[in-house]
Amino acid sequence: AAKGARKMEDYGRFLALMASALLVGFVSVILSLVWVFHYREGLSWDGTAGEFNWHPVLIITGFVFIQGIAIIVYRLPWTWKCSKLLMKFIHAGLNTIAMILAIVSMVAVFDFHNAKHIPNMYSLHSWIGLTAVIFYSLQLFLGFAVFLLPFAPVHLRVALMPIHVYSGLTIFATVIATALMGITEKLIFALKNPAYSASPPEATLVNSLGLLLVIFGSLILWMASRPHWKRPPAENAKILRPIGATAEGTEVESTMINSSNADKSDLRSNTEAARKQNIKFDEAGQRSTM
């Protein structure tokens, strides 16, 4: 009974954190829209400042908010009964949407700069931002190739999983840091009379937006790094198996079963080794966001 109560309390804590993260993320998106429509020139695609404004809106919406949701999607307890493959598709789909929005936002900036004859890629914000987009693209490609498509061997997945997890969380944190640099840079350039140093209402609004981005990132990273909120291993172990495989069959086992030169004693030892390998993969997968 005590264990059940503890589990419910832990579940409640997770839900409270998740609701807080979603609220903070949603408010951040709203504030970015209030900023560009109330204080700036709105949104357009004609080479004016309105085109530049797509950049902060799409970065905050896609590269921060949607990417954050993609990171914790495996942690949602009501998805644990869903197929792991389905959750992989959802995770990959959300990251793909975030990637598309980030690319569109960058096109908007380059287009605006070129129309106004402003130099490209001179600031630290732009250097780190482009680096984050490149590494995110690579992360997405490798995620599809290794973890979503069924061709990569299990030992390769086990080896790459910690790298995949670490790089995903690092890119997410870097994106938030880059966004903070970007909105500060924009305020310094845009606020002339009154200046940024005079703390006009626009500066207060955008500084508050920056604080919310930090809070959102902190909540996502906390949820993603708690081992007791990971997807249960029993669910992770259910790797898709071909028709005719045994109840505890796995991808590795079925490959071994279909091997024509394996006799029964070899098969038994191979199956046991494969099961241990899958347990190892599950343990790696629990630290995963993929």
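Any Cβ shown, glycine's included, is placed from N, Cα and C.
Feature list (source: TrEMBL):
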- 263-290: compositional bias 'Basic and acidic residues' (COMPBIAS)
- 20-225: domain 'Cytochrome b561' (DOMAIN)
- 257-290: region 'Disordered' (REGION)
- 12-37: transmembrane segment (TRANSMEM)
- 57-77: transmembrane segment (TRANSMEM)
- 89-110: transmembrane segment (TRANSMEM)
- 130-151: transmembrane segment (TRANSMEM)
- 163-183: transmembrane segment (TRANSMEM)
- 203-224: transmembrane segment (TRANSMEM)
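Residues 63, 88-89, 92, 95-96, 98-99, 102-103, 106, 121, 157, 160-161, 164, 167-168, 171, 174-175, 178, 240, 251, 290 of the same chain lie 6 or more positions beyond the ends of the transmembrane segment (130-151) yet place their CB under 8 Å from a CB of it. For the domain 'Cytochrome b561' (20-225), the model's pLDDT averages out at 96.
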